[in-house]
Every structure is written in structure tokens, then in C-alpha cells.
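Trainee: This is the structure I have questions about; it appears just below.
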Amino acid sequence: MSFAEKIRLYFITDGRSHGHERVAEMALKAGVKTIQLREKRLPAREIYGIAKRLRRLTYDYEALFIVNDRFDIAISVEADGIHVGQEDLPAKAIRSLIDEKFPGMILGVSARDLSEALEAEKYADYLGVGPVFPTSTKEDAREVIGIDGLKKVCSAVKVPVVAIGGINHSNVSEVLKAGCTGVAVISAIAFSENPEKSAEELLNLIENSNKPHKPVNR
Ligand SMILES: Cc1ncc(COP(=O)(O)OP(=O)(O)O)c(N)n1
Ligand SMILES: Cc1nc(C(=O)O)sc1CCOP(=O)(O)O
Ligand SMILES: [Mg+2]
């Protein structure tokens, strides 16, 4: 499976509903092929423990494992990649370290607009672009960019774009039509009563939005 196929549905964990490991395993069982560990409340030692367990799980399911924010934890558990935003360690510094010491490691960088995206793509393997829609999952989320904002970035950059922020079953097809490679979700899976079913349904919607429109023969 190519990198683009793997990031088509990109699940970011949140431990508050079902716990990181359980929710990640349910998403993996459904067929999700990229998992990011995002944990903002726990001490580094606990995040490290969770990361080690998610690393094992993602190996078993042949899925990519990305760690949010913490490059130290990402390299300690041999994650496939690290995701940083505009307030985190600079992408340029991480790119230098990756090239020198961790070749092949994936670097994802958040961008909200064209100028951030054009700067970030100098270093990134993919961009996380949003928030496309309002979200209550990220407390310090910036102003929404909407489908138009997303389209502008997608048409201007060369690296794959993963759209993020308020993406769910009812808007995922519209988001993919904006030209992004993938969609990242938290609450649509993590805060669902049945994460496995929600992930399966999202994957089906994504699969169907890949199919070209069939003209009706009259
Ligand atoms: C795939 C993806 N895109 C964007 C983000 C957001 O990163 P950041 O802006 O650093 O915000 P936090 O997630 O750290 O609160 C992401 N994590 N993943
Ligand atoms: C982690 C994160 N980053 C965002 C950004 O805009 O960079 S929005 C966001 C939260 C995404 O959660 P949900 O799918 O529940 O809306
Ligand atoms: Mg961050």
C-alpha cells in the first residue's frame, strides 16, 4: 500500500473516551492504516509507555505510527514519523535531524494558510491543513479555513495534504473533493460509541468517493 493510500484515513487518538490503545486497536481492526498518538495531559513517562504499546500494535496491523509533538518519544519508540505544528519544534530543525540521523522517518507539519504551507512543504513529507470546520477537540484551534481555504492550499503545494478539523461522516466526501490526499479525524472515531464501526463507515465513504462518477446510459 502506498503512503498516499495509507494516509487516506488518518486517525489521531484521544485517550479520554476509550483509552489510546483500545481506540487505536478498534480503528486498526476496521482497516485504518495511519495512527497518530496525540496526548496533551500525561507526563512524558506515561506517553512513552502508550507509544511503545501503539508501536507494537501498528506493526501488527502494518500501519504507520506517528507521534504528535514529541520528537524524543517518536525516536525512542522507533515511530514511523513525527507531526509538529507552528508552535512546536521547528520543522527545519527536525528535518535536519531526520536527514542526518533518522533517514526515512516521516515528518508531518501543520499549516493553516498558503504562506505557512509553502514554508512547511520545504521540510515536510505531508501537511496537516485546517481546521477545515469548527472543532471542539483542539482547545487552541485557529479560525476555520473552510473548503475554500483547503482548496487553495491543496492546489498550491506539491506534498500530500491531510485535511483536519471537524471532519466526520457527513462532510468527508466534500472534503476529499477539495483535492486533499487524506483526512485526519479524532472525535468521529475516538468519541464514537462504536469506534470500529465508525472507522469502517468512514473508510467506506472514502472508498466510494474514489470511484469516478458513472454516467447514466440512456
Ligand atoms: C495530521 C495533523 N494535522 C494537524 C495537527 C495539529 O498539530 P498542531 O498544530 O501542532 O496542534 P496539536 O495537535 O499539537 O494540538 C495534527 N496533530 N495532526
Ligand atoms: C488536532 C487538531 N488540529 C487541528 C488543526 O487545525 O491543525 S484541528 C484538530 C482537532 C481535530 O479533531 P476533530 O476531528 O475531533 O475535529
Ligand atoms: Mg503540536
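Using the three backbone atoms N, Cα and C, a Cβ is placed for every residue, glycine included.
Relevant sequence annotations retrieved from TrEMBL are reproduced here:
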| type | residues | note |
| --- | --- | --- |
| BINDING | GLN36, LEU37, ARG38, GLU39, LYS40, ASN68, SER110, LYS138 | 4-amino-2-methyl-5-(diphosphooxymethyl)pyrimidine binding site |
| BINDING | ASP69, ASP88 | Mg(2+) binding site |
| DOMAIN | 9-189 | domain 'Thiamine phosphate synthase/TenI' |
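Each of these features: where is it, how hidden is it, and who are its neighbours?
Mentor: Counted within 10 Å of its Cβ, the other Cβ atoms near GLN36 (4-amino-2-methyl-5-(diphosphooxymethyl)pyrimidine binding site) come to 24, all protein chains included. According to its DSSP assignment, GLN36 (4-amino-2-methyl-5-(diphosphooxymethyl)pyrimidine binding site) is in a strand.
Here ASP88 (Mg(2+) binding site) comes close to ASP69: these same-chain residues lie at least six apart in sequence, with C-beta atoms under 8 angstroms from its C-beta.
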Trainee: Counting Cβ neighbours within 10 Å across all chains shown, tell me which of the binding-site residues ARG38, LYS40, LYS138 comes out on top.
Mentor: ARG38
Trainee: Could you list, ordered by sequence, which of these binding-site residues: GLU39, ASP88, SER110, LYS138, have a Cβ under 6 Å from ligand 2?
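Mentor: With ligand 2 as the reference and 6 Å as the Cβ limit, the list reads SER110, LYS138.
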Trainee: By a simple count, how many Cβ atoms lie within 10 Å of the Cβ of GLU39 (4-amino-2-methyl-5-(diphosphooxymethyl)pyrimidine binding site), its own Cβ left out?
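Mentor: So the number of other Cβ atoms within 10 Å of GLU39 (4-amino-2-methyl-5-(diphosphooxymethyl)pyrimidine binding site) is 21.
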Trainee: List every residue in the same chain as ASN68 (4-amino-2-methyl-5-(diphosphooxymethyl)pyrimidine binding site), at least 6 positions away in sequence, whose Cβ is under 8 Å from its Cβ.
Mentor: ILE12, GLN36, LEU37, ARG38, GLU39, ILE82, HIS83
Trainee: Are there any residues at least 6 positions away along the chain from SER110 (4-amino-2-methyl-5-(diphosphooxymethyl)pyrimidine binding site) with a Cβ closer than 8 Å to its Cβ? List them or say none.
Mentor: HIS83, VAL84, GLY85, GLN86, GLU116, ALA120, LEU127, GLY128, VAL129, GLY130, ILE164
